Number of protein chains: 4
Amino acid sequence: MQHNIKKIGVMTSGGDAPGMNAAIRAVARACSYYNVKCVGYYRGYQGMIEGDSIELTARSVKNIVSEGGTILKSARSTAFRTKEGRKKAYDNLVEEGVDAMILIGGDGTFTGGMIFSKEFDIPVIGVPGTIDNDISGTKFTIGYDTALNTVVEAIDKIRDTASSHNRLFFVEVMGRDAGFIALNAGVGAGAEEILIPEEDLGLDRLLESLQRSRRSGKSSSIVVVSEGDKIGKNVFELAEYVTENLPDYEARVSVLGHMQRGGKPSCFDRVLASRLGVKAVELILDGQSNVMVGVSDNNLIVTNIEKAVKGKHTINKELLRISDILSV
Amino acid sequence: MQHNIKKIGVMTSGGDAPGMNAAIRAVARACSYYNVKCVGYYRGYQGMIEGDSIELTARSVKNIVSEGGTILKSARSTAFRTKEGRKKAYDNLVEEGVDAMILIGGDGTFTGGMIFSKEFDIPVIGVPGTIDNDISGTKFTIGYDTALNTVVEAIDKIRDTASSHNRLFFVEVMGRDAGFIALNAGVGAGAEEILIPEEDLGLDRLLESLQRSRRSGKSSSIVVVSEGDKIGKNVFELAEYVTENLPDYEARVSVLGHMQRGGKPSCFDRVLASRLGVKAVELILDGQSNVMVGVSDNNLIVTNIEKAVKGKHTINKELLRISDILSV
Amino acid sequence: MQHNIKKIGVMTSGGDAPGMNAAIRAVARACSYYNVKCVGYYRGYQGMIEGDSIELTARSVKNIVSEGGTILKSARSTAFRTKEGRKKAYDNLVEEGVDAMILIGGDGTFTGGMIFSKEFDIPVIGVPGTIDNDISGTKFTIGYDTALNTVVEAIDKIRDTASSHNRLFFVEVMGRDAGFIALNAGVGAGAEEILIPEEDLGLDRLLESLQRSRRSGKSSSIVVVSEGDKIGKNVFELAEYVTENLPDYEARVSVLGHMQRGGKPSCFDRVLASRLGVKAVELILDGQSNVMVGVSDNNLIVTNIEKAVKGKHTINKELLRISDILSV
Amino acid sequence: MQHNIKKIGVMTSGGDAPGMNAAIRAVARACSYYNVKCVGYYRGYQGMIEGDSIELTARSVKNIVSEGGTILKSARSTAFRTKEGRKKAYDNLVEEGVDAMILIGGDGTFTGGMIFSKEFDIPVIGVPGTIDNDISGTKFTIGYDTALNTVVEAIDKIRDTASSHNRLFFVEVMGRDAGFIALNAGVGAGAEEILIPEEDLGLDRLLESLQRSRRSGKSSSIVVVSEGDKIGKNVFELAEYVTENLPDYEARVSVLGHMQRGGKPSCFDRVLASRLGVKAVELILDGQSNVMVGVSDNNLIVTNIEKAVKGKHTINKELLRISDILSV
């Protein structure tokens, strides 16, 4: 490849996700392989504004492929929403000699990068990293598969006690406005009912479904509730509502919370992150900019970053049907 | 051993704990080994009252040594608190030909068993099974070690995201009125501060400690809070109070909840449950009654069940000191 | 759907794989949902020949979605390779009233099923279940994702000790004649070198690569070796050869073995198995036969079973290139 | 405490064990707490001889409480067996200003330390760290509990496939000349037979036991074999011998290998390592030398290091009896 790239910057932004470190490692090692320098910025755009950075070499990223979190840390930056903030960030890149930036994050991260790239004519490449899987232009985002396993393992444990006590559990999972985690982890954990933002089941049908479930001989039940669910009640109100209307149910609530963001990445996420990280570097050396690299049908694909931000990654509603059949 | 025991009953009662199945298996197999019949009662005392039971053979308990929960299920029984209820239970045991009962559970279970045994002159043996470790007469209860690992693994995950975002997390763990889980899992997870019912740190000292922690260069912190803690605020109020008083802290709350009760038991809990279950059978064949079997210094010990119920298993405050030193 | 299917049979055959139970559950529940009876045959074709079966209801498959292994057990059947054996199996199906069979397994299973279906004009549907991922007509087989995580977790542990002692480890993984597990788990675990049957690296290049690796400052290294690798030496001979030629290396061998076949299935495998199992039932009700259901680009696809057996699922050699770049 | 200790050195030696990092962290933080400097030596005695060291501060050991392996690495040192080697090590300590050494390791480590301490009159404190649990003067060594869980989890996976295929598995586990791991993990995993160096079962009784096991209706079996077992055949020969004599058994072998040394430490090991590490520092400040700190009945105890080395930590043979009863 002919190019005049001498140094590539990389950062992680938005909610952290398992596999971000594997992606950072892939970027740093691909840079080393192609004889390009690599610098990591701490805390996303905030570190770019503050010039808070560290040189990344092939050796300095060793053994992080298996670590959760992000060694570059992550943050939200209000300063970067201002022209002044972005100007500072750009000046720091120029001073440091950074020719292009790789942005590991989600929608918000890419929107910022898109504006920045246009304003200052600097190449940016997006790498989708979020547990929510809510990004267009890729079938899978880094961290999503690990989060699914974390949720399923937690619900397996909850199932043990639910089943010992013949109880009904409402388990709230993450996912922002998307139901990917709830739907897939719900099917994986054998949940009796799954509530996601994309489909409003309605309170009446929930009660019906739970009654049917008990009549069919089930002594315990799990309802997985997405945090973005639109049923009009939060998970605690939901549990109360159900207990009031179905008095023979003893209901409990579990909010899985931030543990869903951490943990050692699954093999799937490590391989995905490794492939996307290497490809991001190669895209830069190939003269590309303003694109996001993703995966579809196990092949890497490249999408205009604007299209990725504006597009919508819709869930597969077939799974809702599967869930209905399986909770018979 | 000379004895005229022909059939032993076993049940699990109170909050379920990982390893209860290993204990049930040990009871069933020891019965088979000593040529005694074994019957399991479902849902604790409630199943005894209802005569809801199942024959347990050496083969019917296969492969449950590694399973969380309890195949005999657990429940609280209000009926057993009445003389009529206990009479019904006794009549069922007589009809079934049960000569002695093994009770796997905690304080409440043993108290019920003590009364029952006196009223109807039937031998009962207690086996301590609860994740809370709050039983006198044993250093370790079945399920406690597994719960510690579950908590530590969850906090490891939370640490990933706390550290990525430089955040302060309040993590609430189980333990009823005892701080065993909070204290040990807190030290194991490297928590900066641990709040337990046995010691009221006070809000001022908590703020001080967190400030010191940040000054010493720590960018993220974990505070483990026992559900029975006496600081006068629940974990959400606590997080709010700290954020108001230390504005540079971004605080989050995670309530680990019922997943702490489930999961495959650790090796420690399986071995403990196996030893206690076998011993419980042997104590019955040896003519004993109204005792609890426990472990101390890796040896099995036997305590009068009344003493076990009335005694108090106090935490090792040395660990609080260790925690202070380690969070320097 | 209009059909005259009254009873569907299901079995598992060949090497067992995590998620087979989730597939069995999906078949049983889909049958229940569509008001069709379901019967499970034990030990694959052998159970069909012996008439060794069990009725499967919606309730009898509860809580197995999370269990490794197969409740229907698996076996190889030499008797089924004879016309007499297959005739016996067919007679048993007729007697039992089974209208169609769902076969969960790999190449060998499907080849048997194809012959059987032609001989006796009975519909068969294949569901790909094997950790090796070596089946044409699907991007992923049931159990593969779980095996990858098992291997990566084991190598993470080996990395700990390799890194503490500055050692070189040769880790042999499963996969029969295919390198899927070795290649993906190798990239996921950050292996320095990966030996797969599809590409003969050669002994000289292996030595070179290891020398380069040490010169670049690495103090420990992991080489992942597929069991079907064609380098001409088994993993122990390989370690010896390397130690003789690179005396400053202290080499150790670890053969991961059968633990790769077991364990709780990952969320990915549970969802995949659930979708494939339901679809297999629906294909039968839809009048189809002699096809295998698979997944591609996250959509279900249907392939003629003969094509699936004769086709070849080739590995993605891009990953070998990625591995080279990442081990820089 | 009155003392004139200004700097404490710490190292890890022998086979690495999960929790060694937690012990290093405890030493470093306790030093910081007591205003003493701390220096870590790499690769055990070898680093002391080469003067290969690193300053350890409260911050430099952050987040290692959960990490397997040892950040100080480990090695065997032949040079330290010579007077010259030890002299060099001593000179380096003097030059560095180290007043006392904390040695984390096993028997071999302590023997070396004992000689060194006598020769050069420098205080040494032993901290027992080995997965084998074969050290006198403590009920538990650092890493042992984690290794038990690793073994039990691996055998759970093997049980899945053994049970699916009705097979007999021989699983070899670590433990050097002691049967602690085999015996406890064997009971925890529900093994049908356990072979340990402390008791020679004999080949005939093994065959008998396996035959009885099958007659009693068991379709699959696990035999756990300690690497130090004295039955006179290695695990592969054993499997062959059994298959020859019991032809209806299909036997397989799995050697768990070095993965037993790695992985995140269990809560038990982290708490144990934290307590022992702090205590070791306090013993030095208290003027003690040539002792090992251990744990008994959940209390810390201090043993003369010579006694610890010469003593023998015997296994609890009660567990063999328990295992017999449970495999009925």
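Cβ atoms here come from the backbone N, Cα and C positions, even for glycine.
Substrate is bound by C:THR130, C:ILE131, C:ASP132, C:ARG167, C:MET174, C:GLY175, C:ARG176, C:ARG252, C:HIS258, C:MET259, C:GLN260, C:ARG261 in TrEMBL, and the record lists one more residue there from C:GLU96, C:GLU199, C:GLU208, C:GLU227, which is C:GLU227. When C:ARG43, C:ARG76, C:ARG159 are compared with the ADP site residues C:ARG25, C:ALA26, C:VAL27, C:ALA28, C:ARG29, C:GLY190, C:ALA191, C:GLU192, C:LYS218, C:SER219, C:SER220 in TrEMBL, the one appearing in that site is C:ARG159. Here TrEMBL has C:ARG76, C:SER77, C:GLY106, C:ASP107, C:GLY108, C:THR109 binding ATP, and the candidate from C:GLY9, C:GLY15, C:GLY179 in that same listed site is C:GLY15.
Taking the binding-site residues C:VAL27, C:MET174, C:MET259 in turn and counting surrounding C-beta atoms within 10 angstroms, the largest count is reached at C:VAL27.
Here the C-alpha separation of C:GLY15 (ATP binding site) and C:SER219 (ADP binding site) works out to 38 Å.
Here the Cα atom of C:ARG29 (ADP binding site) is found 29 Å from that of C:MET259 (substrate binding site). When the C-alpha distances from C:ARG25 (ADP binding site) to the binding-site residues C:ARG76, C:ARG252, C:MET259, C:ARG261 are tabulated, the minimum falls on C:ARG261.
Rounded to the nearest whole angstrom, the C-alpha distance between C:ASP107 (ATP binding site) and C:THR130 (substrate binding site) is 9. Here the binding-site residues are C:ARG29, C:THR109, C:THR130, C:MET174, C:GLY190, and the ones sitting under 8 angstroms from chain A, going by CB atoms, are C:ARG29, C:GLY190. Between the C-alpha atoms of C:THR109 (ATP binding site) and C:GLU192 (ADP binding site), the distance comes to 36 Å. Classification of C:ARG252 (substrate binding site) by DSSP places it within a strand. Within its own chain, C:ARG261 (substrate binding site) has C:GLY15, C:ASP16, C:ALA17, C:PRO18, C:ILE131, C:GLY143, C:ALA147, C:MET174 as residues 6 or more apart in sequence whose C-beta sits under 8 angstroms from its own. The ATP site is set by C:GLY15, C:ARG76, C:SER77, C:GLY106, C:ASP107, C:GLY108, C:THR109; from the centre of their CB atoms, other residues of the chain with a CB within 8 Å are C:SER13, C:GLY14, C:GLY44, C:GLY105, C:GLY112.
Binding-site extent for substrate: residues C:THR130, C:ILE131, C:ASP132, C:ARG167, C:MET174, C:GLY175, C:ARG176, C:GLU227, C:ARG252, C:HIS258, C:MET259, C:GLN260, C:ARG261, maximum pairwise Cα distance 33 Å (rounded to the nearest whole number). Per-site Cβ counts within 10 Å over the binding-site residues C:ARG25, C:ARG76, C:ARG176, C:ARG252 peak at C:ARG25.
C:GLY190 (ADP binding site) sits 22 Å from C:ARG176 (substrate binding site), taking the Cα positions as reference.
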